Structures are given as C-alpha cells and as structure tokens.
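Participant: Before anything else, here's the structure in question.
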Amino acid sequence: MGIHQLMQFLKEKAPNCFRTLMLDYFAGRTIGCDASMAMYQFLIQTQSAGLTQIIELTDKEGNRTGHLVGLFNRTLQFLENGIKPVWVFDGKPPLLKSGELARRKKLKEEAKVKTELALEQGDMQQALLQNQRTTTISSIMKEDAIKMLQLMGCPVIIAPCEAEAQCAELCRAGKIYATATEDMDALTFRTPVLLRGFNTKKEPIYEIIYDDMIKELELTYEQFVDLCILCGCDYTEKIEGIGPGTAYKLIKEYKSIEGILEHVQKVNAEREKNNQNPKYTVPSKFLYQDSRELFITPLVQKGDELQLTWNKPDVDNLKKFLIEEKGFAESRIDNGLKRIAKKDPAGFQSRLENFFGKTTKIIHPNNSKAKAKSNKKTEQPQKSGGKKKI
C-alpha cells in the first residue's frame, strides 16, 4: 500500500518538489530499483483474458514467467538509455507488517473466489481483474529473477527487510542517484530522490526531490513521518476521521502524533458531553511509535559497506536459463541483444565495456563468495515463454 493518498497530497501541497522527465534524462545515472514492486507489476501486466480462460506466461513446469519477461525488458530499456540499474529485493518483512499482510492475504482469497465465479459466468474482463488481484510472488519466482538479473550482469541486493528502505539508504550514501518504485513510503524512509512511472517508454517519469518536498511542506523529517503514519501506512491502522489534508493541518498545529492524540481526546470528550458521536476513532492497536521507529531507523545494510560490482553478462548461461529452462524464444533474446548493439556500431561487447567500465553486481554479504565467481562473457537478451490457462 505504501502511504495512502500521499502522491495526490504532495501534488496539491508541495507541487514544486515534482519534475516530469523522459527516460533519456537519466542516462549515465545509477538507479536503485524496487524489484519486488516491479515483479508484481509485470505479473499483472502479462496476464490476458482468453475466450474462456485467463492466460499467463509460464515455463514448461507451470511456473509463471511474466515477471522475468518484464524485468528482462526493463533492464534492456535501462541499458539502451545508458542507465545503470541496481535491483533490490525485499527480505523478511517486519513483524509490524503482519497485520497488513494478513489483510492482503484475505483479499487475495476473496479475489480467487470472485475469479472462479466470473469464469463460470463467462465474464472474462471481471475474471481478469479479479485474477490480477490474486497475484503473489513465490520463492521460486524470486530466485529465478535474481538468477536472470545476475546472469545479465546487474547488481542484485537482497535487503534485510524492506527494499524501499535499502534503496533509500543507498541513495543517501551516494551509491545510487534515485530510488525507482511506486511505493511512496520510499520518501518516508528518506530517499533523496524518488522516481515513479517506469511503465511505458513514451510516458514521462515523475521525479520527486525529498529536500524540496520537506522545504515546501515546512515540516521536519520526524513530522513528515508522523504525517505519513496518519495518512495510513503498512505498519499500523490509522485514525478514522483523519485524511491527508486534516493530518497535515493537525501536524502543523500540534507538531506530533502525541500532540494530536491529546487534541483528539479533548474533541471526542466534548462531543460526548453533547451526546454526539466521536469525530475521530483511534484504533485499539495504534502502533504509531513502533511504526515511527521502523521508518526512522529501518533494518538495512549500510550503504557505505556495500560493494557494487557490474559484471559483463554471461550470455551462454543466460540463454541456457531463459530458453531451455524458462521457455523463452531464442529470437526474442537475440532481438534483445540487437537492441543494445544498434546503439554502438562496434557491437554489443564494446558498448557494455564502455558502459560498465570496471563492473557491478551487488552481493549480499552472506553469499559473497558464491556469487563473486560469475562467468565473464559478453552480452545481453530479451523475453518470451509458454502460456498457462486458468
């Protein structure tokens, strides 16, 4: 979920923190990409409605591959435009997120029932919509994505916890230019630059500058965190009766959630005297202090301690993995290689050598030995796969 309605709120209250830019603006930049968020997007985008069934891309064993298609093409798109992607995956979710995860699981189960009902009724558009809401990422899908990206020579980080928090840490450490994610809580984790909208080639990308945002809102970082918690985040329930606009006014006046809670208590007590319903409803488990702590001091690997290494793509093993194991069409991969080669008459290899210089793959400290011995060949590919009917 990220932070509820934060994007719209910032457009209204801090419009000067936004810029809309085309992809080629970021040439030469290193961008930290929220891989888990991107995988969900790609899995949803690669589903389609047949006459009587929902169709998904899969390998010969039935494992979904839409996320690989998307990550592969997105990586090629970045490389074509001179952008260095660093892919960051979620680690173990914080305990504070268990309530939100349980809520999402319930919604997915409900969507599964609605999918089956829509299929029985022959309403394929409704079936597709509901099936998209059942999307989950399995451990196999995550492992496949990591393997493919590493074979492509890209840096891969497995965060200890939240990917957005790890990206924000890398950005503050100067290891990357920006965090690319649709989750607005990257700002709550204090990423200096947030990029949203890497969906199509032709649409502009939103760049949000944290310092400009804070300056225009006239808030401290701690107050902004409290604002985000009041808007609604993944770690606690929110106070009913307080939306983003009201939250902002209250933070400006009372400075913190503690001050606002005192105000809420007085307002509700006064209304009770007048036999009126309470204006605000504070949840019984309003874990704002724990949520605040998680945003301000998240579990991350220190940016200064991470070694980033870009390697040349291992084309032979990449082709073997995508074609033989995952059912990609060889022509799709070769076409992907050509997309890069077109940018440099001298060919794909020299372009990558010029682009990567002395190389980047990010290695989790616990797996550094195993992953450091990557084969050093020369190239890079693109999509395809089987189809699975639901």
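Every residue, even glycine, has its Cβ placed from backbone N, Cα and C.
In case it's useful when we look at the structure, here is the feature table from Swiss-Prot:
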BINDING   Asp34, Asp90, Glu162, Glu164  Mg(2+) 1 binding site
BINDING   Arg74, Glu162, Gly232, Asp234  DNA binding site
BINDING   Asp183, Asp185, Asp234  Mg(2+) 2 binding site
REGION    1-108  region 'N-domain'
REGION    126-254  region 'I-domain'
REGION    348-356  region 'Interaction with PCNA'
REGION    359-390  region 'Disordered'
Participant: Looking only at Asp34, Glu162, Asp183, Asp185, Asp234, which of these binding-site residues has the biggest number of Cβ atoms within 10 Å around its Cβ?
Facilitator: Glu162
Participant: Among the binding-site residues Arg74, Asp90, Asp234, which ones place their C-alpha within 10 angstroms of the C-alpha of Asp185 (Mg(2+) 2 binding site)?
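Facilitator: Neighbours among binding-site residues, in sequence order: Asp234.
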Participant: In sequence order, what residues of the same chain, 6+ apart, have a Cβ less than 8 Å from the Cβ of Glu164 (Mg(2+) 1 binding site)?
Facilitator: Asp34, Thr179, Thr181, Asp183, Asp185, Ala186, Phe189, Thr191
Participant: Any idea what the Cα distance is from Asp234 (DNA binding site) over to Glu162 (Mg(2+) 1 binding site), rounded to a whole Å?
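Facilitator: With distance taken Cα to Cα, Glu162 (Mg(2+) 1 binding site) is 11 Å from Asp234 (DNA binding site).
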Participant: Fill in the CA-CA distance, Arg74 (DNA binding site) to Glu162 (Mg(2+) 1 binding site), as an integer in Å.
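Facilitator: Their Cα atoms are separated by 21 Å.
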Participant: What number of additional C-beta atoms lies within 10 angstroms of the C-beta atom of Arg74 (DNA binding site)?
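Facilitator: Arg74 (DNA binding site): 20 neighbouring Cβ atoms within 10 Å.
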Participant: Around the C-beta of Gly232 (DNA binding site), how many further C-beta atoms are within 10 angstroms, looking at every protein chain?
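Facilitator: 20, counting other Cβ atoms within 10 Å of Gly232 (DNA binding site).
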